[in-house]
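Working notes, structure below.
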């Protein structure tokens, strides 16, 4: 008991005067200590045993509060060979494993006592012995175990006695482990003058506590001071575990290292370490340590601990509305309905309702009724009318009605609805308008017939309408594939009642509709007619007929040629005819050899390798630039073929534009020159805002003013616009230092892209863009690839590093000059003159079978999407190329990057279909991204591409249905992780379908192979669940 004072101290045998001081005996207890013995609190006699009897003396005095003060004293310093023992009563150890003994005592300085230098001591010894029961009066000192020799930090003298100064010493010793039920303590004196004022025996515990809303019970620490006891807490009332709450009990009785926590359940909030129910008028919808919230408008609650507020009468909350959203009500009726009618179309327009009910999801429905003279005699209009775009779920305030009948009273009821209209039992408010039709349009075409069919064509005819109501201007024929009725259609016109439709697919059924146009307008479309194109056998029969015609024509032509030949021989003009014919044939052969076959309206890619001289290919597709128009400013990069500079290009009549310039170094090989010019001849064929633009080339004239002999051909890939190397000094005339000799460089001049390659640009600006901005970048890349695909060009190295970004964030596809050599060794990498093509971007069929196509470019585009959404992260991270190939073969696909909307990741998965024919076309991708940009809310909706995925349930891959998550894990040989999934709360397939690779690592799946197998199965499960839900991904 620190800080206590002795009330009375009496030294025996007359050597000292009594020392009287006040001692209250009121000592505070520490919360982490459990006291087994405290002599200062014992009210009766201690009854400790002494040996011999004339050794230790017990002295008891009463303090001012009438409480006893027990002391034991000994001072036999005059006689040698002292051996005085004092033993406590039996002490129960309770739950202790280690005990602590605190002793308060005073000790006389031997130097202050005359004539006792040989016999006086200044220490005493502490002993103990364990026992399961009391020994009574039996006492055998030899059986006791020594704990320690106790010495005083301060000893008193005769002067201290005179000045009434008490020097009290406190010493603590620990004993353990204690294994029996109890123990004795013993004090041995061998000749000291000492007074044992108090003895306190205790053990330490980590006391009951509440941390992070979790309760932890009293805990006894281990004997080993370096070992901690892990204790799991239990959540306080009205709370639940978020992460398992844990504390560690230290050897000193202190709680250490808090882990995990509990959170208040729904309807409860945390106040001063406990969970209290929300007051009436307040709610809390989700478990967590947030405060209760006031009920939103038009809702209330009158009880405590409410998780959701109830809507007032007439107000509702939709199923998907969050609890924090105000209750809303159905809208009022639309206003100001008006119509506009012509011969063939009726347009209905209206104003929004005056009261939207507090919601933004307003839609309209139009109900049509045909009424007679009596307004009460109405019937439904049926399927005869067509509504554009549709009669229900309208977002805009108008609709077009077609195919109505003349001289009929139509009543249109326009209803306004929102997300809670279906919850109300009240009739839906509407506004009605009645329209009487009177049209002069032609009647419908009644019949269409097929005259003949080939593999790619159909010849159709029909009869003119019975009532045209004027001169027929033309016919419009609309047609589409029967299987793709809802996707797209084509149309053509004919002035005659017949038409030949070309460009069709063989053995395919098409649907045709036809309508008439007169001066009064269009008629309605006819009913649908089905016709099928022919197959190869039908064309063979047609070809046989054509052969007969050709053979007949050939015989006639040969006869005519003989007659003409005789005629020219007779007239003497045969020689002129033969020369002219030879000249014409030679010109035609030369034209064919150069592969310059052009078709009107169609631009196709021409491989520069078909030209003997690469310079011919370059000048076929790109213009020569006068070197005097080029001003070089600085070197911005270096590569295999030379250096890349930035500069300015002067254009007559226009201002200077920034450009990037690269040349071929002097002393180059013919192969290097061919590869260098090949890139320019490829770029020169492209003209698209999302393709890097070639300004021109320099191949014919020397350029001594520049004096540059080396430029890098890989500048379109290596982020050159960011300045890879420190700029070289440039003279005022625009040339580099004279140490570089003048020469005759081959130069390629392209537009300057300020922000460099896309991957490094995104890494530099990580997290700076909105999702819509990133989608805009992806849309630009897809548009450029669509252009290349339409031209028949396969890129084969599409990656973010090969996309360049200008100052307006426009992305442009680059890197067209790399030659791609596929070695015979099946283990060979796909090499180029610029290095290896990374496996991570390459489609599996291109890796396995060397099959590059637009579909393999689509696979690479999916990887580019992942790079963009992850801000330039490396695909497949640190996996080796071999692991990447094996993972893809096993069905593994990259997970969604952080913050990536579900619809974009789903598009990536479509691009990574193993069957290349199932991947979307770039046309589909551009269309889909356009819709996302127009409707950003669709970014967070899971979609399925019906052009990519199987079109009927029978085409869906077989996937077993599992009853439990454990069954699913067993099926993929991962049953050892059942407890991990259960403990983490992933107990339903809906939750599992949303798991990411981070979730799988977090629950304890460490092995990469196991992670890969589980992720692969989750992706298959997710696609299967999407088919079950029958969601559409329309492009």
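Every residue, even glycine, has its Cβ placed from backbone N, Cα and C.
The domain 'Eph LBD' annotation in Swiss-Prot covers 33-211. Under the heading domain 'Fibronectin type-III 1', Swiss-Prot lists 330-440, citing sequence analysis as support. Feature annotation from Swiss-Prot assigns domain 'Protein kinase' to 630-943. Positions annotated as domain 'SAM' by Swiss-Prot: 960-1024. The feature N-linked glycosylation site is assigned by Swiss-Prot to 342, 396, 409. The annotation phosphotyrosine is assigned in Swiss-Prot to 605, 611, 830, 977 on the grounds of sequence analysis. Summarising the annotation, Swiss-Prot assigns signal peptide to 1-22 and lists sequence analysis as the type of evidence. Residues or ranges marked as topological domain 'Cytoplasmic' by Swiss-Prot: 571-1035. The transmembrane segment annotation in Swiss-Prot covers 550-570.
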Next on the checklist: I need the most crowded of these glycosylation sites: 396, 409. Count other C-beta atoms within 10 angstroms of each C-beta and give me the top one.
Outcome noted: 409
Next on the checklist: Averaging the per-residue pLDDT over the domain 'SAM' (960-1024), what integer do you get?
Outcome noted: 80
Item to check | Cα distance (Å, whole number) from residue 977 (phosphotyrosine) to residue 396 (N-linked glycosylation site) | outcome: 52
Next on the checklist: Using DSSP, what is the helix/strand/coil residue split across the domain 'Fibronectin type-III 1' (330-440)?
Outcome noted: 6 helix, 51 strand, 54 coil
Item to check | CB within-chain contacts under 8 A for residue 977 (phosphotyrosine), separation at least 6 | outcome: 969, 1003, 1004, 1005, 1010, 1014
